[in-house]
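**Student:** A single structure is presented below for examination.
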Amino acid sequence: MGCQFSVNSKKVRIFDTTLRDGEQAPGIDLTVEQKVKIARKLAELGVDVIEAGFPAASEGEFIATKKILEEVGDQVEVIGLSRANKQDIDKTIDTGISSIHVFIATSDIHLKYKLKMTREQVLDKIYESVRYAKDHGLIVEYSPEDATRTDKDFLLKAVSTAIEAGADRINIPDTVGVMHPFKFHDLIKDVVSVTKDKIVSVHCHNDFGLATANSIAGVMAGARQVHVTVNGIGERAGNASLEEVVMALKKLLGYEVNIKTYKLYETSRLVSELTGVPVPYFKAIVGENAFGHEAGIHVHGVIENPLTYEPISPEEVGNFRRLALGKHSGIHGLKKLLEEQGIYLNDQELREVLNEIKKLAENGEKVNVDVAKEIAIKVSSKKIKV
């Protein structure tokens with residue numbers, strides 16, 4: 001599936017790992033039913049791949065992966081994570097899945113302290129596991145874990161070994177988020193050069209706040225698949241955010257994605273509700289303040305033409321525009337908010353209301369529309385339409 005996405009294509013696959021890497025974050029433990037509910041929403045959203053889980057990790061993961069495959073497998077590619085060994089691969093096969101994500105680390109620090117293996121042994125594992133999965137008819141995506149801290153020559157050798165064994169896709173994980181966009185671009189360009197037209201994917205963590213930027217840099221270097229999570233949830237500082245990556249690819253670079261962007265906000269809120277992880281107030285695209293305005297100059301501009309202070313419309317991502325009241329407010333925004341409540345004031349009355357609002361705000365009080373309405377009623381000299 002997805003092989004039509006060539007290196008020279010303007011199409012980019014969205015590989016969602018909310019249900020696998022996202023759920024690995026401490027404190028996030030989803031039931032099978034909750035995972036299925038999110039999977040349905042992701043399929044509805046239009047992601048190309050759903051990483052349903054790690055079937056060999058637990059019976060619950062096995063059952064969830066199987067159930068997700070049954071529920072949405074006819075709409076979207078469902079993939080399961082597996083270590084590079086036959087036992088894990090067999091367990092994944094037992095779910096009925098047709099796609100597998102095989103990984104083994106390649107960095108010296110992982111080889112020495114975690115795997116206790118030599119580079120030669122790792123290369124053998126890569127070949128054997130990928131070949132075994134291919135011999136069982138699976139679509140195989142291979143990831144060299146901790147790729148960005150791996151000696152580059154050895155990384156390229158590991159990638160080439162996976163391709164020789166039959167891997168369909170190569171995913172490059174920035175496992176601990178140590179890349180910056182310029183360096184990651186160069187690395188992905190080198191990986192693309194040895195992949196023989198196979199799809200290259202990127203998987204970026206956000207330890208330095210660069211997961212989205214690095215993901216975009218990877219695509220600019222030739223990657224045609226991006227691993228993401230809804231709201232950027234995941235281990236430590238999280239993963240590349242689905243909503244940020246999708247909108248940056250589409251609006252800033254002109255790439256094609258299958259995502260129904262008007263469903264981004266509702267998907268974000270569903271994941272937040274089920275995981276118990278709140279969406280940051282200032283979160284790009286789906287945050288409550290992503291399209292919020294208070295400053296008088298900004299509000300005036302947005303009222304006249306939203307593009308003056310918004311790069312995209314909130315409707316495009318299913319979000320909402322919010323005009324706030326406070327010490328930075330201006331008369332145009334106040335007038336619009338009051339008229340939406342059926343209150344029509346002249347300029348003198350509006351200025352009196354605005355002065356009262358600013359006094360309250362400067363004293364640390366929160367001013368909402370109801371408060372503004374009360375003030376307006378007190379100072380109004382006209383009939384109020386309510």
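Glycine is treated like the rest: Cβ placed from N, Cα and C.
Swiss-Prot lists these features:
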DOMAIN    12-265  domain 'Pyruvate carboxyltransferase'
BINDING   ASP21, HIS203, HIS205, ASN239  divalent metal cation binding site
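Help me picture these features in the structure, burial and contacts included.
**Tutor:** Counting only same-chain residues at least 6 apart in sequence, those with a Cβ under 8 Å from the Cβ of ASN239 (divalent metal cation binding site) are THR17, ASP21, GLY22, HIS203, CYS204, HIS205, ASN206, ALA211, HIS227, VAL228, THR229, GLY232, ILE233. Secondary structure at ASN239 (divalent metal cation binding site), taken from DSSP and collapsed to helix, strand or coil, is strand.
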**Student:** DSSP three-state call for HIS205 (divalent metal cation binding site): helix, strand or coil?
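**Tutor:** Note: HIS205 (divalent metal cation binding site) is in a strand by DSSP.
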**Student:** Just to be sure I understand the packing, how many Cβ atoms besides its own are within 10 Å of the Cβ of HIS203 (divalent metal cation binding site)?
**Tutor:** 28
**Student:** Would you identify the secondary structure of ASP21 (divalent metal cation binding site) according to DSSP, in three states?
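**Tutor:** In the DSSP reduction, ASP21 (divalent metal cation binding site) maps to helix.
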